[in-house]
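As structure tokens, the structure follows; a few thoughts come after it.
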Amino acid sequence: MKLVPVALLYLGSLAFLGADTARLDVASEFRKKWNKWAVSRGKRELRVSSSYPTGLAEVKAGPAQTLIRTQDVKGASRNPQTSGPDAARIRVKRYRQSMNNFQGPRSFGCRFGTCTVQKLAHQIYQFTDNDKDGVAPRSKISPQGYGRRRRRSLPEPGLRRTLLFPEPRPGGAPAPRAHQVLANLLKM
């Protein structure tokens, strides 16, 4: 019975310690992934100017070997005017590049099918609704017209209450000018 745990221990240690015999090239795989990431990042950003260091690591290490070559980057600028320090700080968003290539009419708003159905239904309703008028008739705009019931329920003009004086003034004394302006604003 003691032989089984010892054999398992021996096989486990052999598998664990003997793993270095199978040569796994992890470093080259990591290097490939890192290079791929760096190239894709280089495509997105403009080249950083080499005239001044941008980070603390570059100051201490001095000039370092770059992972990205200019011929690797497809969209690299070959124009010497754009490689100045001002151009290094500009980043271009991806969607703007694709939007500039689109020359069709640009319509803003909802483009879903449900929105199209709603817009169509609204247009049909507007074209077929001949009963309603877009403008209120003159009789409704006059002071005796629209909202006349509400106006009847208000107190008389001389007995108006203001925010500062909630009680009506005795004898219908005129309110100061500031109170009259405030009352006119509240009427609207």
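Glycine too: its Cβ is placed from the backbone N, Cα and C atoms.
Quick caveat, the model's predicted, so the values are computed rather than measured.
The disulfide bond feature in Swiss-Prot is assigned to C110-C115. In the three-state DSSP reading, C115 (disulfide bond) counts as helix.
A simple way to gauge crowding: the CB of R41 (arginine amide) has 11 other CB atoms within 10 angstroms, across all the protein chains here. The feature arginine amide is assigned by Swiss-Prot to R41, with similarity to another entry given as support.
Annotation source Swiss-Prot lists tyrosine amide at Y146.
If you look up Swiss-Prot, you'll see 131-176 marked as region 'Disordered'.
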A correct count of other C-beta atoms within 10 Å of the C-beta of C115 (disulfide bond) gives 11
Rounded to a whole number of Å, the separation of the Cα atoms of R41 (arginine amide) and C115 (disulfide bond) comes to 39
